[in-house]
Amino acid sequence: MIRMIKGQIYFTSKYPNIIIPEKPIPHLILKHIRSKPDQVLLVDGLTFKEYSSHFVADTIEKVACGLNKLNIKKGDVLGVILPNLPEYVPIFHGTLLMGGITSLVNPDYTIEELSHTLATVSPRYLAVTLAVYEKIKNDLKRVFPSVEKVILVDIAGQTLKEIGQLTLSSDGIVMSFNQLINNNGKDYPIVRIDLKKDTAIIPFSSGTTGLFKGVCLSHHNLVSNTHQTQTVETTNYKKNDTVMGQLPFFHIYGLMTYLILMVKQGHCVVILPKFEFVRFLDLIQKYKVAISFIVPPIAIMFAKSPIVDKFDLSSLRTLFSGAAPLSREVEDLIKERFKGKLIIKQGYGATELSPACFVIPSGLIKSGSAGILLPNQLVKIISPETGENLGMGEKGEICIKGPNVMLGYYNNEKATNEVIDKDGFFKTGDIGYVDEDGYYFIVDRSKELIKCKGFQVPPAELEALLLSHPKVADACVVGLSKGDMGEVPRGFVVIKQNESLTEKELLDWAHPKIANYKHFRGGIFFIPAIPKSATGKLLRKNLKDINPPKL
């Protein structure tokens, strides 16, 4: 719908504005799961252990009590470096219940990656597995000088005995999750929270370009997006639906879907710590999963893998794909394979939008569309050349305003002002348009950001890594299309004068410093000079399609 404001064109949602509850996230969650105490809310996909709503609610409050005993204060940060585990849910909500902030990162991150993500928000507490602790313990005081307590969470195959030994030998800094929740769940204060100003979580995003930044999302941001999404998505769920929980909880897509939306709606979530396609299919069959939230690489497996035919997936009703665009070709292949019985939907968003802004309504799918604008939001589409507001059907940068727009980037006013304009619109960096039915189409993803397996890989981060090598004079990183993976990083390097360096030497040096999905699967090429504009901006597009010989 078009709205004219001061002579400028804006677009509103087809849905009427909704009332956003004025409650902190954990209060909202506890209210809903306490109403169905005997329902199975979580299932450990490795051990098959089931957790009732009553147990989860009690454990949330026990985490709050445990943190209160550790003297947590409003605004203190608890860094979560965990794979998907049932304990993630009470740790997340228990921290928020005490007015704390959870900051979530990939447990596969190296020390170097943790140092410029989680360490930048000065966490007072960490929640980790034994494997993560072993990785960080020697650098703990250097990388995390602010940390006072490390909470070790058990995982299948790891014994409590191992954790117990660590708690006795680490100068009191380490405790087990079981020690944290060894209380009655009653002794914690009610913390007053400013819903619109107080940060609840700090996930990390690169925005459209640059290094990763902490994204400050308030309780109001999260509650708003929960209800905005439910307005469109409620008809897609049935009362006793079971959902697969394989998307990473540290990613805003998985966080909002499983830790908030599904838990609030009371759907049982079958949790997988690490994605394995065969186990994933087996769990769908075993638990008669109805809905699975996926990323395009998983969609491609559904479309093409012969393994799919070995499982009874008749319970599966809907696949919801996000984090990166899903091609129409893959969508058609899945529909053909499942004889049209499987609904495939997409949405669009960003970490900075908490995360959803467009969702395809049930039964109203339009090919190639990112969906319809969720309620309580305003859109303007601006010309990349002139900055003027454009009309229906005209292609420009999509900008979003609403209660789901982030507070800002953590301790980075400059970066915040670059993406949120003076009127409060978040500039997505993506080019698109809206049609006469209110469906939005993304025609050009942010040019610089590499999307690998649904994860964001900022070229600037990898360029900084390459440039730190003593023999590298200049570097540029671009995304290379790579089938099921989406895009993979490809590096271009200028070697310092009078130095010699091979691709293998550089890869062997770089890969241990970065997560697996950031590896240079597109290779590293050596060239005489990196193309740049007159202002010194890297001309990545000039390098996208060239394949120079490797030295």
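From the backbone N, Cα and C atoms, a Cβ is placed for every residue, glycine too.
According to Swiss-Prot, the protein carries these features:
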BINDING   S205, S206, G207, T208, T209, K213, Q346, G347, T351, D430, R445, K537  ATP binding site
BINDING   Y253, T257, A323, Q346, G347, T351, K447, K451  (E)-4-coumaroyl-AMP binding site
BINDING   K274, K453, G454  CoA binding site
REGION    276-346  region 'SBD1'
REGION    347-409  region 'SBD2'
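Within 10 Å of G454 (CoA binding site), counting CA to CA, the binding-site residues S205, T257, Q346, G347, T351 contribute nothing. Shown for the region 'SBD1' (276-346): DSSP residue counts in helix, strand and coil, namely 35 helix, 12 strand, 24 coil. In three-state terms derived from DSSP, G347 ((E)-4-coumaroyl-AMP binding site) belongs to an extended strand segment.
Calculated from their C-alpha atoms, the gap between K274 (CoA binding site) and K451 ((E)-4-coumaroyl-AMP binding site) amounts to 19 Å. Taking the centre of the Cβ atoms of K274, K453, G454 as the CoA site, the nearby residues of that chain (Cβ within 8 Å, site residues left out) are L247, P248, F275, V295, P297, F455, Y517. According to DSSP, Y253 ((E)-4-coumaroyl-AMP binding site) sits within a helical segment. Rounded to the nearest whole angstrom, the C-alpha distance between K453 (CoA binding site) and A323 ((E)-4-coumaroyl-AMP binding site) is 9. According to DSSP, K274 (CoA binding site) is assigned to coil rather than to any helix or strand.
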